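Data first, discussion second: the structure below is written as structure tokens.
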Amino acid sequence: MIFSRSARSIFPLLPPYGAHDPQGGRAVPLQPDDITPYMGLRARLSQIWMNRWTILLLLVLVRVLIAIASLNTNMDSARREALSACTSVESMGSAMASMPHYSARGINELTASGVETAVSALKTMLTLVVSGVEELIVFFIKMMYQTYLCLITMAVRGTVDVGVGLLKDASDFLNSTIKSIGEGISDATQTFEDGLNKFVDGINIVGSVFGGDEVPDLDLSSFIEDLENAQLPSSIDDGLDKLNDSVPTFDEVSEFVENIIRTPFDEVKKLINESMGTFTFDRDTLPVPAKKQLSFCKGSDGIDSFFNNVSDIAETAKKVFIAVLVIAAVLVCFPMAWQEIRRWRAQKERSQLVRKEAHDPLDVVYIVSRPYSAAAGIKAASRFSNSRRQILVRWVIAYATSPSALFVLSLAIAGLFACLCQYLLLRAVEEAVPELSAEVGAFADKVVASLDNTSAEWALSANSAIGDINTELNDKVFGWVNSTTTGVNDTLNTFVDKTTGVLNDTFGGTLLYDPLKDVFDCLIGLKIAGIQRGLTWVHDNAHIDFPELSNDTFSRGAAESLSDDNSSESFLSDAGASTSNKITEVVFRVTSAIESGIATEALISGAILLIWFLNLLFGLIRALSLFRSHDRNRGDGGPGPAANLDPNDGFSDVPLTAIPNPHTTAHSAADSQSRSQPVPEYEPPSRNFASAGPPAAVTAQTTYEDEKLGFAGQRRNALKVSVIDARASSYPEFGDEKR
């Protein structure tokens, strides 16, 4: 491949070596400290501090410092807004804490009217209950003893009627029977009497003969007449008739019991009307809490400490970033210096390739000027056996690591690193936000605590007044209820005693007493015992107890709003607010703005990085498209065989000690004679090297691939360094260093 350019286009007006030298331009060996037209190692090392990564790190530091300054400005503004919002919250909290003062009057009126209504309803209910119980007890007692009276009447009169009938039948039977017996005895005794009298008359006759007394005659007629006239007395059933007529009516007992029972009930109703008829709750006994003025913004350690903490974080981050990035910028100079030393040595070694005719001159320039990119390409290309593909791989790496591409890549990396530094700063600030949220929660807790204290004090006084009402009603009204139940129990006992006395007086000593006593116990005694147990229960449980007011009457709603899952329900939040309160919303707005800025910068840096990847993709697409094509032979339209070419063909020998003559041609023989003095020049090779790769013709119709990719990968000794000693100074060199 021929590269032909005029000497002026390559070295425009170069000053000759030694033009300033008193030696007259004579070529002399140069020492390491001599002046050269190119930068030596010392000169390169003197510019290490201006290397790409140091400058980028310093730019990142500048961006971070700008971000910190912007953060401080935004936080100062947020502090003012937060204090303003805190004042609003303080006013709201004071209003909330003073709500018991305004609502207590209404609640007191509601409580008093509720008690009055309850007492009025209680009065009506008690009057109805007392009247109902009174009538029920009277009705029950009347029903019991009237039932018992019916049973007694039925039993006694039935028994008396049966007894009287039996006695009448027995009397009639006995009267008729005795008369018949008397008549029969009269007839029998008359015959006996007549015979006996005859016998006696005979004896009297004999006795008179002998001078004795006469035997009296037997006369039974008077006795027989008495027997015939004998009958049961008519008064035999008078006792039963008297018993039948003496069955008790219990009218006296009924009247007595009814009067005793109604007396306590009438007294209770009278007391109920007197004590509860015009009941009025004393409103003055219910307290009215005083107004509250809360203060938690002035000198608030929470808000001030948060923003001071954020300022401290920003200041600390500023110092850390300055220290770390400056140290990193300084430390990166050391590997860059070492890299520059290695680059210098590699350039010196590879500069020998310029003297070798087997190399593509542009490839040699690329290898010498960009040793690391070239080395990376050579290493990557070593994985392929095909020389064409080796060239394409080297070309892709050279395309992706060109100065423009590396500038884009380094700019993208620096931008992303700056975003990372800003993100770390933002995370440090966001970690401090919960402290502010906790402090705002403490504000709400202070309001709720104030409401709790006020509500508890008010409830204590109000409950005391309600307790006094309970005591008064229990003593005045239900005390008489207790007395009434005791009196009714005593009345029932008196009723039982009176009834038992009547039964004892009426049927005592008779066969009916025990059966009637058992019937009384069964019908009335057991029922009265049950009534007495019920009255005893009423006596033990008759009292009123109005419910007390809760201690959290005024604070329950505020406390529930804080514990609610929906933070927008908090009394410190506006309706529809997305944050828990106004104060933290200010900080969230600042952090959101910073986060949005970081995201924007990250997108920009990502777009720049994408440009580099697109550039790499273009190179890969180009290389892959050439991977599939093959070199053609001459018979297939390919180039002809390579000729033995002079490596200097297409180049002009440019004298380094004199200004070249623009009128001479590149191949003029007089050019070498016009030189004032001989200068060191590269010796042409003693023999030509045959091409080891695919043939390439040096013609005007050179292919596009040859012009763009070169021949470095197509020659056997393309990457070999000549073992021939390069031009060296006669003076010792210290580390091959050049200034």
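The backbone N, Cα and C atoms fix where each Cβ goes, glycine too.
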Membrane side match, K270 / D514, Swiss-Prot record:
yes
One of the glycosylation sites N273, N309, N453 has its Cα closest to the Cα of N504 (N-linked glycosylation site), namely N273
Smallest number of other CB atoms within 10 Å: among the glycosylation sites N309, N453, N504, N551, that is N504
Per the 10 Å Cα distance test against N551 (N-linked glycosylation site), the glycosylation sites N273, N309, N453 reduce to N453
Are there at least 3 C-beta pairs under 8 angstroms linking the transmembrane segment (53-73) and the transmembrane segment (321-341), leaving out pairs fewer than 6 apart in sequence? yes
With the cut-off at Cβ under 8 Å and a gap of six or more residues from its ends, the chain residues touching the transmembrane segment (53-73) are 310-311, 314, 317-318, 321-322, 325-326, 328-330, 332-333, 336, 410-411, 413-414, 417-418, 421-422, 425, 429, 590, 594, 597
CB neighbours within 10 A of N273 (N-linked glycosylation site), counting all protein chains shown, number 13
Reading the DSSP string in three states, the entry for N273 (N-linked glycosylation site) is helix
Counted with DSSP (H/G/I as helix, E/B as strand, rest coil), the topological domain 'Cytoplasmic' (74-135) has 62 helix, 0 strand, 0 coil
Here the Cα-Cα span from N453 (N-linked glycosylation site) to N273 (N-linked glycosylation site), rounded to a whole number of angstrom, reaches 40
